[in-house]
Structure formats: C-alpha cells, structure tokens
Amino acid sequence: MSELLPVAVLGARGRMGAEAVAAVREAPDLELVAALGSSDPLDSLVAAGARVVVDLTVPEATYDNVVFAVRHRMHAVVGTTGWTPERLGKLGTVLAGAPATGVLIAPNFALGSVLATAFAATAARYFESVEIIELHHPDKIDAPSGTAVRTAQLIATAREAAGVPAAPDATRDAPDGARGAGIDGVPVHSVRLRGLTAHQEVLFGSPGEQLSLRHDSFDRASFMPGVLLGIRSVAQHPGLTVGLDGYLDLQAGTSS
Ligand SMILES: NC(=O)C1=CN([C@@H]2O[C@H](COP(=O)(O)OP(=O)(O)OC[C@H]3O[C@@H](n4cnc5c(N)ncnc54)[C@H](O)[C@@H]3O)[C@@H](O)[C@H]2O)C=CC1
Ligand SMILES: O=C(O)C1=N[C@H](C(=O)O)C[C@H](O)C1
C-alpha cells in the first residue's frame, strides 16, 4: 500500500476550513496531520511533518502562511482571497528559492465556477458590454469576491488582446458605488444577503442580445473536489499556479 500524503489545514475552524478538514479525513489517500486556528504556531506544521498545507484563513494572514510553507519546502493549496499582483510577485521571488515547491492559489475551487470564468474569458471579446454581479453570504469580509476579481482580470486581458474598446457608459452623475467597483475596467457589483452561499453572474451585452453566465454554489461541499484535486496535484506543479484551471485540461475536460 502506498504512503498517505500528510496534509495540514490552516483556518481549520472556519466555514471552509472545517469542511476541508472533514474532506481530508474522509480521503483514503490523505492523512490530516495538523488543523490550525489563528492562535496556533506555524512551527507545528514542521513538527507534524505536513507535505501539503491548505490555507483557508483571512487575507491578512495568508501571505505569511504561504511564505512559511514554501520556506519549509511544503506545497501550498490556497483558497484565501486577498492576493494582489504585488503579493503574487513577492511570492514568486520566494518560490524561486524553492524550485521544487508548488503553490496553487485558487480563487474558486468549484469546478462549475472555474468553467464559468473560462467561458467568460472566451466570450469577452465578442460583446460590447460586460458587467459582473457577485452574490455572497453577509459574513464574507472581502468585496469584491476573489472570483469576481479574477474573472474581471481575465475578461479585461482577453478584450485588450482582441483590441475591443471599453464598454460604453454614458453615466454622468451617480452616487459612489452606483456603478460598482471598476476592476480592470469591468464593473463588479457585490451583493451580501443572508441565505446565500457563493454566486456569480457575468452579463454580456451587444445590440439586441444578452449572454448571462451564472454559477451557484449552494453548499461548501461544491468546493471540496477542487480542494482535494489541488492537494493531490500540487507537488506535480512546481512554482506558482493561479486558478484551478491551471491543473485542468479544460479543452479535453480532464485533469493533468
Ligand atoms: N477558493 C475557494 O473556493 C473559496 C475561498 N474562500 C475564501 O477562503 C477564506 C476563508 O473563508 P471562510 O472559511 O468563509 O472564512 P471564516 O472566517 O469562516 O474562516 C477563516 C478562519 O481562519 C482563521 N484564521 C485567521 N487567521 C489565521 C491564521 N493566521 N492561522 C490559522 N487560522 C487563521 C479564523 O479564526 C477563522 O476560523 C476567505 O478568504 C474566503 O473568501 C471561501 C470559500 C471558497
Ligand atoms: O468567502 C466566500 O464564501 C467565498 N470566497 C471566494 C471568493 O471570494 O471568490 C470563493 C467563493 O466565492 C466563496
């Protein structure tokens, strides 16, 4: 029988962390060796012999957690939001000193969401207008969601590469926030509503037609296959990967 892969979960008592702890415990090929909360020292990851660290904490903590993991040659699977281009750049420098170590930063682990974002990037060049509405539970501390930021960035990149002009918007007079947050030029509107989990709709418009790409996570169970895929695959992907799509062959629909 092959050895179990030793896994640690950071943020283990949070909404996502608790779900991830249960998923790792249930996986026959994984062993949960540490489940850390905000007051637990990171040194215990070393003592526990973790090979993969799953970070589901808060934007203020995630960078230091991942740098600690990389410096100790542990792979990291990260669902936490707050990864700015500056932080990603700094992490890249740290990773250059540990070339065999892999870090996956996944704004969304739900396969349907990953596909919806990829479809949005494909559609982006063909429509005159685009806006994103993301809808989440009201206990979420960040806005816009990491998924919406990533989707907006990919849409903006695709439109720029195709030479699509900025979407027309004749608004002259509006209170702050009325047109959402402009992420790389894409308006993103954030809804926080009790009863919701995690939802996103990308609206594309051209004269006489609209395309809506909507994804709904009704339960955090939707994220667990992606978390497990990340844990099992991260060692085969040294360096930094942003987006679970980096581990999927979306053309053929298989994992790599
Ligand atoms: N990538 C994805 O598919 C998903 C990502 N998320 C993201 O994951 C993060 C966590 O979300 P939730 O579980 O809903 O939040 P939460 O607030 O329920 O859990 C966060 C937990 O992290 C703990 N924590 C804070 N600092 C820590 C530290 N230094 N070390 C260890 N634990 C620490 C907190 O005490 C709390 O228990 C957020 O950034 C959220 O946006 C959430 C759902 C899916
Ligand atoms: O906080 C959440 O709940 C979620 N956070 C991630 C994000 O900000 O995109 C992923 C998902 O939307 C759920």
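Placement of Cβ uses the backbone N, Cα and C atoms for every residue, glycine included.
As annotated by TrEMBL, active site, proton donor/acceptor applies to HIS136. Mapped onto three states, the DSSP output places HIS136 (active site, proton donor/acceptor) in strand. Within 10 Å of the C-beta of HIS136 (active site, proton donor/acceptor) there are 22 other C-beta atoms, taking all protein chains into account.
Per TrEMBL, the feature active site, proton donor maps to LYS140.
What TrEMBL lists as NAD(+) binding site is GLY11, ALA12, ARG13, GLY14, ARG15, MET16, GLY79, THR80, THR81, ALA106, PRO107, ASN108, PHE109. For PRO107 (NAD(+) binding site), applying a Cβ distance below 8 Å and a minimum sequence separation of six or more within one chain yields GLY79, THR81, SER145, GLY146, THR147, VAL149, ARG150, VAL242, GLY243.
What TrEMBL lists as (S)-2,3,4,5-tetrahydrodipicolinate binding site is HIS137, GLY146, THR147. Of all Cβ atoms in the shown protein chains, 14 besides its own fall within 10 Å of the Cβ of HIS137 ((S)-2,3,4,5-tetrahydrodipicolinate binding site).
Marked as domain 'Dihydrodipicolinate reductase N-terminal' by TrEMBL: 6-109. Each residue of the domain 'Dihydrodipicolinate reductase N-terminal' (6-109) gets a DSSP state, and the totals for helix, strand and coil are 43 helix, 24 strand, 37 coil.
Residues or ranges marked as domain 'Dihydrodipicolinate reductase C-terminal' by TrEMBL: 113-244.
Local packing around the binding-site residues THR81, THR147 was summarised as the count of other Cβ atoms within 10 Å of each Cβ; on this measure the leading residue is THR147. Checked against ligand 2, the binding-site residues GLY11, GLY79, GLY146 give GLY146 as the ones with a Cβ under 6 Å from it, listed in sequence order. All chains included, 13 other C-beta atoms sit within 10 angstroms of the C-beta of ARG13 (NAD(+) binding site).
In this structure, ARG13, THR81, PHE109 are the recorded positions from ARG13, THR81, PHE109, HIS136 whose C-beta falls under 6 Å of some atom of ligand 1.
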